[in-house]
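Asker: Dropping a structure here in structure tokens format, bear with me for questions.
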Amino acid sequence: ATLLLSRCLLKMVKGNIVDPEEILSFCCNGLQGSTSSLRAQEPGEQEEVPGAMASPSPTRNPTEVQMSQLVLPCHTNHRGELSTGQLLKWIDTAACLSAERHAGCPCVTASMDDIYFEHTISVGQVVNIKAKVNRAFNSSMEVGIQVSYEDLCSGKHCSICKAYATFVAQGPSGSKVRLKPLTPQTEEEKIEHSIAAERRRMRLVHKDTLKDLLTRSLRETAELETRDGSVAVPAAKTRVESVELVLPPHANHQGNTFGGQIMAWMENVATIAASRLCHAHPTLQAIEMFHFRGPSQVGDRLVLKAIVNNAFKNSMEVGVCAEAYGQEMSISRRHINSAFMTFVVLDQEGRPRTLPMVAPEPGDGERRYREASARKKIRLDRKYIVSCKQTEVPLSVPWDQSNKVYLSYNNVSALKMLVAKANWVLAREKEKVRMYTLEEDKFLSFRIEMSVHIAASRAFSLLSDLRRRHEWDRHYASAELVQQVDDDDMIYHVVSQTLSCENKPQDFVILASRRKPCSKGDPYVVAFRSVTLPTHPASADFTRGETICSGFCIWPESEEMSKVAYYNQATPGYLNYVTTNVAGLSSNFCATFEACEKFLLKNKEDLIVRLQDL
């Protein structure tokens with residue numbers, strides 16, 4: 001019967017009695033709906049595709065790329081765990097595809113921020129990678145990557161790492177391509193979009209910041225470490241050199257070597273160097289922020305070098321670099337990349353083992369040894385301040401030269417996260433002053449905003465100087481500039497008129513960080529947070545107060561009109577005071593903000609000369 005039906009259908013197709021697509025539909029769908037007549041698809045009508053083939057929801061970020069990889073034995077090391085090099089290749093591939101979705105042209109990896117690996121992944125588990133563009137700048141863009149694993153047997157999901165990569169769009173001749181802006185839709189996307197500008201700022205100053213911190217730290221570093229009962233291993237014994245030939249499978253559609261492939265090769269030689277120190281199989285714990293200095297192409301030879309720079313009690317730093325040359329006899333080599341990787345050795349219970357000491361080589365080896373110690377402190381500061389959630393950072397973090405960049409980042413990003421929050425509720429409106437509240441966990445945040453007839457840049461200059469705040473805010477008695485960190489960051493000692501429960505005036509040590517707009521549509525930002533300074537400890541004459549997150553955002557509405565908004569995330573000790581003012585009809589918040597408007601209008605003409613120096 002099936003044969004007869006097939007011959008009958010074939011004759012009908014040859015005689016143009018029925019369309020072949022209708023036959024295909026009949027074969028795929030069976031007899032369901034066979035009694036209904038076939039109809040032509042209307043112009044513009046989209047056919048429903050059931051199940052997994054359905055198009056993504058309208059709210060999904062168009063640059064989002066999802067990758068799922070089953071970990072096979074060929075992807076793992078001797079312990080049956082996913083090789084970090086293989087994971088880096090998958091991360092780079094997913095991020096590149098996301099970047100190219102937005103750019104519409106080939107993209108190359110420019111840099112990768114710090115990556116901290118929280119767990120290992122075993123054979124048989126699934127790696128899920130989600131990548132999407134957080135923000136596009138002129139010719140570069142930041143891609144956020146989230147990596148997790150899934151155990152198919154238990155259904156367990158666990159986060160592995162979160163990374164940020166920078167990609168550059170390239171035209172046909174290798175020239176840079178100007179990117180279209182990206183409009184965030186969800187609250188999470190708005191937060192990432194806003195903070196991406198601050199992360200970009202930190203990347204641009206990373207090299208100079210690191211150089212300054214290393215120079216300062218080296219002056220304070222003592223002699224080489226001595227550890228009782230340990231025999232130092234000569235660093236020269238950990239040196240590794242390997243060469244790789246770049247073949248077509250290692251390159252993208254432009255012939256440039258994948259950044260993830262280079263990172264995988266670098267991780268391989270770094271692991272060998274670490275193994276030579278501990279005579280065990282180490283686990284990669286972190287990769288420090290690095291930049292690709294140039295491309296390599298198919299046919300290049302990549303020389304990869306690694307050496308253990310320093311070994312601490314439970315971790316070691318391995319320095320690794322990649323150089324390229326085009327011909328076998330070529331003398332000159334191009335520096336492609338350098339990176340610093342942190343390894344640990346885990347025992348049977350998963351606890352870090354104590355490592356042997358390293359005896360550095362004279363000269364450059366001793367320099368690398370001391371620099372590794374300085375980088376360890378910088379790395380811990382950066383992970384503690386930048387990577388953790390805002391609510392996990394103490395109110396007053398000790399400020400010093402080694403963490404000034406990261407405290408500034410945390411200060412501004414915390415305010416930007418508060419600004420991007422949804423669910424603000426209008427609590428009061430008096431004339432043109434509007435007050436909003438936001439209740440979250442144990443915090444009560446509030447926002448007060450109004451439009452002021454002043455240029456945004458002038459309001460920015462006036463409000464960023466805390467020494468003049470007492471002119472409009474009656475809660476401020478005085479503000480002394482303690483330290484001018486740089487052009488954008490200042491530390492003030494503030495004395496308040498408000499008395500504490502001890503019947504003493506409150507004082508604050510406040511870091512003020514200001515930022516100009518990164519691109520059109522961004523606000524001017526002035527962020528405040530408490531810090532501690534050895535030169536200004538708590539005094540018996542005052543009750544030391546703290547602010548977790550507050551500041552101003554100023555949006556230009558026209559050349560001479562701005563929307564000024566003040567934000568404050570109230571700490572538990574300040575909560576009762578804020579709640580009383582929100583509930584009362586005669587709240588002094590509006591009165592204070594009206595005084596702020598008068599201050600801005602009175603002083604806006606006095607800033608023309610000062611603004612030229614901003």
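The backbone N, Cα and C atoms fix where each Cβ goes, glycine too.
As annotated by TrEMBL, region 'Disordered' applies to 38-62. The domain 'HotDog ACOT-type' feature in TrEMBL is assigned to 61-173, 236-349. As annotated by TrEMBL, domain 'START' applies to 424-594.
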Asker: Tell me the residue counts in helix, strand and coil for the domain 'HotDog ACOT-type' (236-349), as DSSP assigns them.
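Answerer: Output for the domain 'HotDog ACOT-type' (236-349) reads 26 helix, 50 strand, 38 coil.
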Asker: Residue counts in helix (H, G, I), strand (E, B) and coil for the domain 'HotDog ACOT-type' (61-173), per DSSP?
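Answerer: The domain 'HotDog ACOT-type' (61-173) comes out at 23 helix, 54 strand, 36 coil.
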Asker: For the domain 'START' (424-594), what is the mean per-residue pLDDT, to the nearest integer?
Answerer: 85
